[in-house]
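Visitor: Have a look at this one.
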Amino acid sequence: MSGLPGARTCPGPGEASDLKSPLGAKFREPLTETRFQQLFGDAEQEPELLAEPRWSRLWRRLASACSGPGAWRLLLARLPPLRWLPHYRWRAWLLGDAVAGLTVGIVHVPQGMAFALLTSVPPVFGLYTSFFPVLIYTLLGTGRHLSTGTFAVLSLMTGSAVERLVPEPLSGNLSGIEREQLDAQRVGAAAAVAFGSGALMLGMFALQLGVLATFLSEPVVKALTSGAALHVLVSQLPSLLGVPLPRQIGCFALFKTLAAVLTALPSSSPAELTISALSLALLVPVKELNVRFRDRLPTPIPGEIAMVLLASVLCFTSSLDTRYNVQIVGLLPGGFPQPLLPSLAELPRILADSLPMALVTFAVSASLASIYADKYSYTIDSNQELLAHGVSNLVSSLFSCFPNSATLATTSLLVDAGGNTQLAGLFSCMVVLSVLLWLGPLFYYLPKAVLACINISSMRQMFFQMRELPQLWRISRVDFAVWTVTWVAVVTLSVDLGLAVGVVFSMMTVLLQVPGLCILSYPAPLYFGTRGQFRRVLEWHLGLGEGSKVRDLVKGRKSAEPVRVVVLDCGGVTFADAAGAREVVQVRERAKEEAGLLDRVTPEQLFVSVQDAAAHALERLVRRRQ
């Protein structure tokens, strides 16, 4: 092989070398990418490649993706059923998916209608939101045990936006036609919010921003859902008591609603109050039984659907709607609505509402999917989840659906009922479809007070998250503070502002913990030949002995930032001997001796991060020397 032009090569046979000494040797210059192209590449085409515009390179990538193998890889990446359906265990999984899907579908029917009331739209649109998003996520989602549909937190946030965009007239006495027009405007506003939320998530998917889920920590998400559950409880009090009150929105809405309810309490309806008390007396114990005996019950007891049927029969036989003016669901239109593009003129107005809903949708769904993925040993794609929920919200908004996401209660129910894959979503859709096509008239006499009770009972799991606070206090005071600040902000201000406060406060706690943390990576073997260098580097960072003076001199100040915690990243330590292990012990002992004088490091603040087999050996040697 010929040498590089301009570089010295070894002398051949019969040639004399002019290298009289190592100092007189001529070394080859560094081979850069540009130099490589000049020597071995096509120099005439290089300027054209460098001057190629970005859009042209993107077009070439798109063209390669549209080729046969590229298109198939793209389909496999974006349509998860193509990956898991060929490996589906029909005999082992089909029965569990069918039972779980039917069970969740039965719950979706009353719960969807109940959450529609939170959204300030007619109940039938909750059924639409329990059908289209579930079907779309089955095709695009990567969470095998995730159940999507109506979610109380999103419904509450959407209802606040709808009430602000389309307020009810101050007179309150609307005719039938005026009520239909008002409902149509509110349905359009809710669909526009879903469209904006879906579009934002698709934009996040295009930018590959699935990593944003890491900024919503677990304390923030749990405090958000727990605080929103209290909002749901208070917002349903007028329906429980049969008191027609306008919905309060904005900051301090919870306290305004409580004050209005207490003022109107003497005018409450005894009939609806009785229905609410009986409904809660049935729903709450059934929820408790399902939780306590989940391992013994073949399927959870469908308390919601039983309560719906009993209340409908009672209202029909007793004529509660005419005799005592009990508010009922009324006629559920059969079939599906005509596809309709939401008003694009409303998008600038709802952008401020769509952004927090998109973040809540992705945060709750991604965290739920990750929990069950870790439990059942499979992986999820956070960016694909963005695509799934973005398409789910955007496409379903064309069918007058409001924002949707994964739900805590139905996901837990799906797992407890034996669900294994996304195929359970198809069985759930079959139940909702049967109600939309044939069984809708059965719910004509359903009292709305029962739906309010279903909303409150479904918040049980979110309320019980507060029981984790004592344990959180013992584990991490910082996480406890994040949880408390987020919860107080959600309750006193609003859900979207509380989310913003929680995220900002959580990030501040991280930034405040960074000073004083030193992560030292040592990418070399730790043995007798390198232990001196290792000691000098570590002393410099710890500020021990002469290392403190050298570090202060280099940084140009008398007092450096004290190191509180040191993490040794041993991923690059290929091997360690007894001398290297002894050096780690000696540095630790020196830190223990000088900590009282320098007030810089305590023994408990020196940690070793073990990341490979060689580091495991190092840890064992350190323990033996101690």
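Cβ coordinates are placed from backbone N, Cα and C, and glycine is handled just like the others.
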Visitor: According to TrEMBL, which listed range is transmembrane segment: 305-329, 480-504?
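Guide: Among 305-329, 480-504, the range TrEMBL annotates as transmembrane segment is 480-504.
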Visitor: Examine the ranges 354-373, 434-453 and name the one recorded by TrEMBL as transmembrane segment.
Guide: 354-373
Visitor: Identify the transmembrane segment range according to TrEMBL, selecting from 218-239, 262-283, 394-415, 570-591.
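Guide: TrEMBL lists transmembrane segment for residues 394-415.
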Visitor: Could you check if the transmembrane segment (187-211) is in contact with the transmembrane segment (394-415), meaning 3+ Cβ pairs under 8 Å among residue pairs at least 6 apart in sequence?
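Guide: These two segments touch.
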Visitor: Who are the long-range neighbours of the transmembrane segment (116-140) in its own chain, taking Cβ under 8 Å and residues 6 or more past its ends?
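Guide: Result: 78-81, 108-109, 146-150, 152, 155-156, 158-159, 162-163, 183, 186-187, 190, 232, 235-236, 239, 247, 329, 332-333, 336-337, 384, 387-389, 391-393, 395-396, 399-402, 404, 422-423, 425-426, 428-429, 432-433, 435-436, 440, 443, 448, 451-452, 455.
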Visitor: So what's near the transmembrane segment (480-504) in sequence-distant terms, Cβ-Cβ under 8 Å and 6+ beyond its ends?
Guide: 153, 156-157, 160, 215-217, 219-220, 222-224, 226-228, 230-231, 250-255, 353, 356-357, 359-360, 469, 472-473
Visitor: Mind checking which residues of the chain, 6+ beyond the ends of the transmembrane segment (90-109), have their Cβ under 8 Å from one of its Cβ atoms?
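Guide: Residues 127, 130, 134, 147, 149-150, 299-300, 302, 304-305, 308, 409-410, 413-415, 417-421, 423-432, 435 contact the transmembrane segment (90-109) from elsewhere in the chain.
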